[in-house]
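Here is the structure we will look at.
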C-alpha cells in the first residue's frame, strides 16, 4: 500500500501543479489586458460613432454661420462657402494612393499622436470636415488627442462647441498670435510622443497616419509629410495630385512644387518609397515631440503666417535630421488664391520679416542672394535673432553650403548678386507708383527731393533676375505688342512679362524687344502719362532713362 501511494504521489502532484498554473493563467487573462505590439484597440462600430455624434448638434453648429442667399460665397473665406456647406461633413473621398500601398504592413505598436489644428476665422463647414475625416479614417488608438487652437477668431463658439466630439480639446488665444505661436501653444500641452500638424481646411484620406508614424518610429529624426491632394476651392471636388513631387524654393525664399528629375525617378524602384525633399510646404507634417523640442520648436518671433516652413526645413536638415514626403499618405487641402484674413503689418511686410529672420540665421554668406532677389528686405526690421543664432551654435549645425551640396544641389547659385537701386529718371521727372482705386499704377511725376513715403514710391531695384522691383511688385507688360501698358504685378521669377535689360539709355523688354516709353501715341509730347512699351528708337527722348542711385 505504501509503495502504491509513493507511485501515485508524483503524478498527482504534477496534475495539481498544472491545475494551479492553469488557474492563475486564466485568472490573469481575465484581469489584465495583454501588453506589447499585439495590442489592438478596436475601432468603434458605426453604431458607436452614431451615439458619439448624437451628442453634437451638427446642424445647429453649421446653421449658425451658414451662407445666405445674395451674399458673395467667396467673401469671408476666399473659397466657395456655399459649395462647402452643401457637402456632407461625412463625405467619402477617392482613395488616391498607389495600389501597392494597401499591401504594406506597418508596426503594430505605433505610438498615439497629438493632432494640432490651428485656425483663425475658419469656415465651420471645412473645420468640421477636417476633424470628422480624422476621426473617420484614423484608428482611434493612434489619436492621443485633437488639439484645436483658436487664434482669436471673432466667434469663440467656433471652437468651444467642438469639444463635444471625441478626442477634441479647445484652446483659445486672448489675442492674435499667428500660426507659429498658436502651434507652439498646442505642442506645449500635447501628451502624445509625436506631433501631427494639420491645417483647418483638410480632409485626410484612407490610412493616412500609419505610414507617417511608421517612418518616425523607425528614425525619430525624420520629419514626414503626406502627399497633398487638391480640394478645389470652387467645387470642393477632391483631386489627386502627382505623387512624384517634392518641395523646392528660389533665392527669394518662395516655395514651389517641383517634379523629380529623370535621374531621381529612375532610382525609385518602388512607387511607395519615401521622397527626400529639401523643404516642406509646412501645413501638414509629423515630427517626434522630443526631437521637435530639442531642435528649438519654432521661431516664436515670426508673425502670423509665412516663412516658418523654410526656417524649420533648413534647421532639420542642417542639424541632423531629414525631411520626407510619404507617397502612401494622402491628405486633401483647399488651396486658396489669397488670404481671407488681415495681416496687421501687411502680407508682404510680414513675409519679408519672417524670411529675413530665416536668411540671417541659416543662410550664412548665401543670404546675399536672398537680398538680391528681395532688395527691399534690406531696410526691413526683423527683430532680435540672438537666441536663434545661439540655438544653431549649440546644436552644432552644418553650414548652408553643406545644405546646398548635400540636400539641394539643383539650386543654382547666381553668378552675380549685385543690386542697382535708385530712381528711374526721365529728365526732371521720375517713374512713380501711385495707388488709385486700390490699384497700383505707373506715371511720371516730379522727382522727390526729400526722403519719405513719396520718395519710396520712386525707388526701384534692378535685380540679377532681370526684374525691376518695388516692394513685392514688378514692372510687367500686359501684352507683348506695341503700345501695351506697363503695370505693377506681383513678382514671379521667370515670368517673361517681367524681364527687362538696360541697353544704353533704353530699358528694353526682353521677350518683346520693345522699349519702356512714356509717349503712348508716339508723338513725343509731354502729355503722355501712361507708361507703355513701343518699338525701340534711340532718337526718342521718351525712351531715354537714367538710373540715379538713391
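Using N, Cα and C of the backbone, Cβ positions are placed for all residues, glycine too.
Cross-referencing 98, 120, 333 against the Mn(2+) binding annotation in Swiss-Prot, which names 199, 201, picks out 333.
Among the ranges 7-26, 27-46, the stretch that Swiss-Prot annotates as transmembrane segment is 7-26. According to DSSP, the region 'Catalytic subdomain A' (110-215) comprises 42 helix, 28 strand, 36 coil. Taken residue by residue, the domain 'Ricin B-type lectin' (415-548) breaks down under DSSP into 10 helix, 59 strand, 65 coil.
The shortest Cα-Cα distance between residue 474 (disulfide bond) and any of the recorded positions 176, 333, 447, 515 is the one to 515. When the alpha carbons of residue 447 (disulfide bond) and residue 201 (Mn(2+) binding site) are compared, the span between them is 48 angstrom. Taking the Cα of residue 336 (substrate binding site) as the reference point, the closest of the disulfide-bonded residues 328, 491, 515, 536 is 491. Excluding 199, 201, 333, which define the Mn(2+) site, the same chain contributes 126, 130, 198, 200, 202, 231, 283, 284, 332, 334, 335 within 8 Å (Cβ to the Cβ centroid), listed in sequence order.
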